[in-house]
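**Q** The structure follows.
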Amino acid sequence: MANYFNTLNLRQQLSQLGKCRFMSRDEFADEANYLKGKKVVIVGCGAQGLNQGLNMRDSGLDIAYALRQEAIDEKRASWRRATENGFEVGTYEALIPQADLVVNLTPDKQHSAVVQAVQPLMKSGAALGYSHGFNIVEVGEKIRDDITVVMVAPKCPGTEVREEYKRGFGVPTLIAVHPENDAKGEGMAIAKAWAAATGGHRAGVLESSFVAEVKSDLMGEQTILCGMLQAGSLLCYDKMVAEGVEPGYAGKLIQFGWETITEALKQGGITLMMDRLSNPAKMRAYALSEQLKEIMAPLFAKHMDDIISGKFSETMMADWANDDKNLLTWREETGASAFENYPEYEGKISEQEYFDHGVLMVAMVKAGVELAFDTMIEAGIIAESAYYESLHELPLIANTIARKRLYEMNVVISDTAEYGNYLFSFAAVPMLKEFMTTLQSGDLAKHVPDSGTDNAQLRDINEAIRQHPIEIVGKKLRGYMTDMKKIAVAN
């Protein structure tokens, strides 16, 4: 199989990378009706598999889970999750031939084996669904001509997909139809109904492409979402301890600081996050972020280039074939880091202290978000897609670090994201070593000294923050989500 993106000519590549349209609410007036009365069989019962299935069932769809015979015989976790929630469970051979829509929600590295197992069992004219397009775009999986191939990609972990649905809302979602597999022209109707069944239409849906989803998703998770948080955690912890800060305090400031800082990001973008700082601290964070962007721009560009060319996927799939040797080695190295093993700290850190003592962390978030966004735009990805794959998902990833440090983040994200995270963070840490020696008092674990504020300089900084393109598109998208949430709650 050949990388699908690399088989396209330049015009086709640019067209698919740039596919992104914010869909209006009235396009979902039919909600999930197109799939009602049809059989939906989900393969995989992990976080996305279970929680999407629960939402779809609550939306009136007929849901069953197809598992491998050994998973059923051995009553594995996937079997227990499905049966304990009252779902029909059966083997591929028993359920797949009945399915009008087969939804593949297994991990990326299992996709080829799963698709090759289910495809011969699928009836003529059925549909195959994904929530991430890696198998189609990077692996280049060929699907039978009569099968419609669609994608519904919630921009949140599976648990969040369920919780937002239970609140009467949903999570922002990308949908797409594979242009090589839509013989009956019903792909968009299927994708819209599936998205509505998960609640995504109540939070905002982008009509995208498999290519745009994969390339932007890989870029976001490797750089700002995971790689930058991991590199920042390791660097900031080691710096504080070397400067004599109590290890427990340093660890807690980082572990819970990312979540606190990015909560402001979620509510009001980079503007609100920076507004949580004093004026001298804001000016210092801005200066630090500009330095960081200059240093790291080549690394962000390299990751984007390797994603676009397919080099990243080729390298990672070679590690799959080598029993994940690199992935498992890097995971072990991360687990042995000083930050992962810092002593518990019983003292209290106030919400504002996370900002006041985490000026460098704020700068890292700002630099990483803007660099990821700008680099995606330069590669032809549309602003809305770039926003969702950089700023929007960052608070969700930061929350995993707050739970159990980097270990939890790397367990929750996909193996694909984890592999890319290590590539980025292991390059970023040495790249920023010299920069870390230039830090001043107040950049970490102390307040920035108040040495006066230049009004004109502050004015220019505020204007630069607010006029960055991610702030402009972010304000629009957050406003839409807020409006939709009000409608959902009112209903």
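The backbone N, Cα and C atoms fix where each Cβ goes, and this holds for glycine too.
Small disclaimer: the values here were computed from a predicted structure and weren't measured.
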**Q** If Swiss-Prot gives E389, E393 as binding Mg(2+) 2, which of D146, D182, D217, D238 does it give for that site as well?
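**A** Checking D146, D182, D217, D238 against Swiss-Prot: the Mg(2+) 2 site match is D217.
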**Q** When you tally the Cβ atoms that lie within 10 Å of each candidate's Cβ, which of the binding-site residues (S78, S414) has the highest tally?
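**A** Per the Cβ count, the most surrounded site is S78.
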**Q** How do the residues of the domain 'KARI C-terminal knotted 1' (209-344) split into helix, strand and coil according to DSSP?
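**A** Tallying H, G and I as helix, E and B as strand, the rest coil: 118 helix, 0 strand, 18 coil.
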**Q** Within 10 Å of its Cβ, which one of these recorded positions (R68, K109, H132) has the largest number of other Cβ atoms?
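**A** In terms of Cβ crowding, the pick is H132.
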**Q** Considering the binding-site residues C45, A47, which residue's Cβ sits among the greatest number of other Cβ atoms within 10 Å?
**A** C45
**Q** Can you list the residues of the same chain, besides D217, E389, E393, whose Cβ falls within 8 Å of the Mg(2+) 2 site's Cβ centroid?
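**A** Those within range, site residues removed, are K155, S216, M219, G220, E221, L225, Y388, S390, H392.
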**Q** Restricting to the same chain and to sequence separations of six or more, state which residues have a Cβ under 8 Å from that of E221 (Mg(2+) 1 binding site).
**A** G227, E389, I413, S414, T416, A417, G420, N421
